[in-house]
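What TrEMBL says about this protein:
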type: SIGNAL; residues: 1-19; note: signal peptide
type: DOMAIN; residues: 28-334; note: domain 'Plant heme peroxidase family profile'
type: DISULFID; residues: 38-118; note: disulfide bond
type: SITE; residues: 65; note: site 'Transition state stabilizer'
type: ACT_SITE; residues: 69; note: active site, proton acceptor
type: BINDING; residues: 70, 73, 75, 77, 79, 91; note: Ca(2+) 1 binding site
type: DISULFID; residues: 71-76; note: disulfide bond
type: DISULFID; residues: 124-330; note: disulfide bond
type: BINDING; residues: 196; note: heme b binding site
type: BINDING; residues: 197, 250, 253, 258; note: Ca(2+) 2 binding site
type: DISULFID; residues: 203-235; note: disulfide bond
């Protein structure tokens, strides 16, 4: 009852600022937007992503994360890709991004090829959205159709990047509110967190967890104790020591997109407090049920993940739809 009240209040307070629609049918997005202007766009992106993920499977998680961080700030408008200039404060140095967000050079690499094929046609926002879908497939995840036709923004928001994005140590109620603000449900939230099955986390983001209640939540399991020991060897207790050391959030199948991350949460071994809270929080009646469902049914997880990625990808910046552009270089506004 408490959770329902909290969700109601959160939903009432945070009204989405951007347009979204699961199918894209009520948005200026279509599946064939580039059919005549750049018919090879999807194939080019897919081919290059195949090379990129083959070079390093971790690149799949990096691209998906980059897409997520873009859509939660001003909508999916490639604002996260803008470099800082004398006249523009970018999002890259905002606290949720500066130490963890990577993959800008991956976007540059794909954009250069697309520009050589179809100059000035495919937006960076579309490129990133398509790349995230392909990255998911390449490590074993589900397929979904990607509606396209997004425009690149001419602005970025350091402030929104600081406030809109969930943080690794955040509590469940606060995270729910941030997803609701984007028009995403609790079901969407738990499904999208499933992308952590191929992600890695830095020591600075899980130190408090492994020196906090990790041993208690994992029920003093001998196997979990061994896992905890290895985590503490990687991440010393002293702040500043080994901060950038990384480890997989799914320590069973770290390079395979599957439902293993939910089994991790069931064992009480969630590496990030924000993930762990979805199964352990006193407010997590609904999230606990969904985590259990996805742990038991990988098909249900894949189906919802696909729907939620489309829904997130359809969060648009209404301003960029009017006066946005197709950047020639994803790092800079056209001049």
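Every residue, even glycine, has its Cβ placed from backbone N, Cα and C.
Taking the Cα of residue 258 (Ca(2+) 2 binding site) as the reference point, the closest of the recorded positions 71, 75, 77, 91 is 71. Here is what falls inside 10 Å of the CA of residue 76 (disulfide bond) among the recorded positions 69, 70, 253: 69, 70. Proximity to residue 250 (Ca(2+) 2 binding site), defined by a C-alpha to C-alpha distance within 10 angstroms, is shown by the following recorded positions from 124, 196, 203: 196. Cα of residue 73 (Ca(2+) 1 binding site) to Cα of residue 65 (site 'Transition state stabilizer'): a span of 13 Å. In sequence order, 34, 37, 38, 40, 41 are the residues near residue 118 (disulfide bond), counting only same-chain partners six or more apart with C-beta under 8 A. Taking the mean position of the Cβ atoms of 197, 250, 253, 258 as the Ca(2+) 2 site, the remaining same-chain residues with a Cβ inside 8 Å of that point are 198, 252, 254, 256, 257, 259, 260, 261. Each of the binding-site residues 79, 197, 253 was scored by other CB atoms within 10 A of its CB, and the lowest score goes to 253.
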